[in-house]
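Trainee: OK, Swiss-Prot features for this one:
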type	residues	note
ACT_SITE	Cys57	active site, nucleophile
BINDING	Asp12, Cys57, Asp324, His325	Mn(2+) binding site
MOD_RES	Cys57	3-oxoalanine (Cys)
Amino acid sequence: MTRKNVLLIVVDQWRADFIPHLMRAEGREPFLKTPNLDRLCREGLTFRNHVTTCVPCGPARASLLTGLYLMNHRAVQNTVPLDQRHLNLGKALRAIGYDPALIGYTTTTPDPRTTSARDPRFTVLGDIMDGFRSVGAFEPNMEGYFGWVAQNGFELPENREDIWLPEGEHSVPGATDKPSRIPKEFSDSTFFTERALTYLKGRDGKPFFLHLGYYRPHPPFVASAPYHAMYKAEDMPAPIRAENPDAEAAQHPLMKHYIDHIRRGSFFHGAEGSGATLDEGEIRQMRATYCGLITEIDDCLGRVFAYLDETGQWDDTLIIFTSDHGEQLGDHHLLGKIGYNAESFRIPLVIKDAGQNRHAGQIEEGFSESIDVMPTILEWLGGETPRACDGRSLLPFLAEGKPSDWRTELHYEFDFRDVFYDQPQNSVQLSQDDCSLCVIEDENYKYVHFAALPPLFFDLKADPHEFSNLAGDPAYAALVRDYAQKALSWRLSHADRTLTHYRSSPQGLTTRNH
């Protein structure tokens, strides 16, 4: 069998509605430029209704790379270990003869049963998932990146992260139109791109699998010149939110927790104060900076795409572009990837098949989830989808179209124990194991079920931005019950099935897959 190339591009915190190709399809003039992603969309298939199955980064990447829902892999938060028993994409690729290279990060904490409690990997946010070979890691503690910056002659400040302060500033109150202290030649996006080109050139045309990760448009929200001034605040869309933070907080106890505790310093290096009190001008400026960071990534991808063109590998490479999760960007008075709103969970997905362009430039409306990426790659390479995998291959969408038995709802989860702020379990008075929610969403309704808090129910046709909770409305009681039953059925049908197809028999071990 002819060996094939795979380029899996995973950006960080890029939400789905910041994709110009989708804006044009909706008749809207794009407010940012991504010519290289536009090319990928023209030559590939763009999935409009794609979600990460969980947030934040560590859990989201665990789902992406294991094909498992959060309820099954249970790496429920950043720094929570991933059970060693779960097969991941890296290990599965090795089993079919690939040496999966990784640039970026997976934010994986190792299983403590496989090592010592003194393992240095337990002192950092995350490490590289087993099975992948790092050829340009960000982790641990961004040491690879900062070392590269220093090696190239840039003098790092005493606090290395001060490179993300605005030029000439020692502190910043929030959103800024000033450039980062770090020039674009030494930005983290450039670092990852240089590592990618070095790796690809070293392959000398041999087949490859490359996970190419980027840190942006993740905070801190400050961009290197000229990207800091590429977009004007007044050209950015206004935030979608209630009249004031108190009105937003009244919707649900979890919403109130985040409104009360979200801090600017998590998004603007050196800033202080509440993130929920950003005014509209600050939010528009934040979005302009966010777009600048996106365009910088797009320029970097252009360099990678150009190399594949020049070496004749573009038409031989499956390219998948996606993000780990989205970003609230001031919508609902929130920042980050939290809660239950669409802005945190809806993410880009673009797939360009190698030489197969039957649906080039089209937009797929079917419901896809991040857990579908792993089986898609394995099937494309001739491998098998692990039985435990919750996702399904998306390859049929690239050929004959959506299968008749495809899912009719989106599913996603959030475990909000001790996330980023002041321990939600304390402010909402829950045990850690009760700090979870799951969402069932279709084209008409969205149901949010909490382990130990009141549910939420939204009519997406009448209320697409999720302001009016109908869970307590008697007129919707039957629908709320139906969607609660759907949530229960979904969880039952996706319980761990790693070994459930095996049987002992007089003939020995047998299997039954259907």
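Our numbering is plain: 1 for the first residue shown, then up by one each step along the chain.
Glycine is treated like the rest: Cβ placed from N, Cα and C.
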Trainee: Using DSSP reduced to three states, classify His325 (Mn(2+) binding site) as helix, strand or coil.
Mentor: coil
Trainee: Rounded to the nearest angstrom, how far is the Cα of the residue listed as 'active site, nucleophile' from the Cα of His325 (Mn(2+) binding site)?
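Mentor: That comes out at 7 Å between the alpha carbons.
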Trainee: Indicate whether Asp12 (Mn(2+) binding site) is helix, strand or coil by DSSP.
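Mentor: Coil, per DSSP.
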Trainee: Run through the Cβ atoms and count how many others sit within 10 Å of the one on Cys57 (active site, nucleophile).
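Mentor: Cys57 (active site, nucleophile) is surrounded by 21 other Cβ atoms within 10 Å.
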Trainee: Starting from the Cβ of Asp324 (Mn(2+) binding site), draw a 10 Å sphere and report how many other Cβ atoms land inside it.
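Mentor: Its Cβ has 29 other Cβ atoms within 10 Å.
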Trainee: Relative to the mean position of the Cβ atoms of Asp12, Cys57, Asp324, His325, the recorded Mn(2+) site, which additional same-chain residues have Cβ within 8 Å?
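Mentor: Those within range, site residues removed, are Val10, Gln13, Thr52, Val55, Pro56, Ala60, Arg61, Thr107, His218, Ser323, Lys337.
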Trainee: Test of understanding: give the count of other CB atoms lying within 10 angstroms of the CB of His325 (Mn(2+) binding site).
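Mentor: Taking every protein chain into account, the count is 30.
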Trainee: Which secondary structure state does DSSP assign to the residue listed as 'active site, nucleophile', in the simple three-class scheme?
Mentor: helix
Trainee: Please report the Cα separation of Asp12 (Mn(2+) binding site) and Cys57 (active site, nucleophile) in Å, rounded to an integer.
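Mentor: Roughly 8 Å, rounded to the nearest whole number.
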Trainee: Within 10 Å of the Cβ of Asp12 (Mn(2+) binding site), how many other Cβ atoms can be counted across all chains shown?
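Mentor: Neighbour count, Cβ to Cβ under the 10 Å cut-off: 25.
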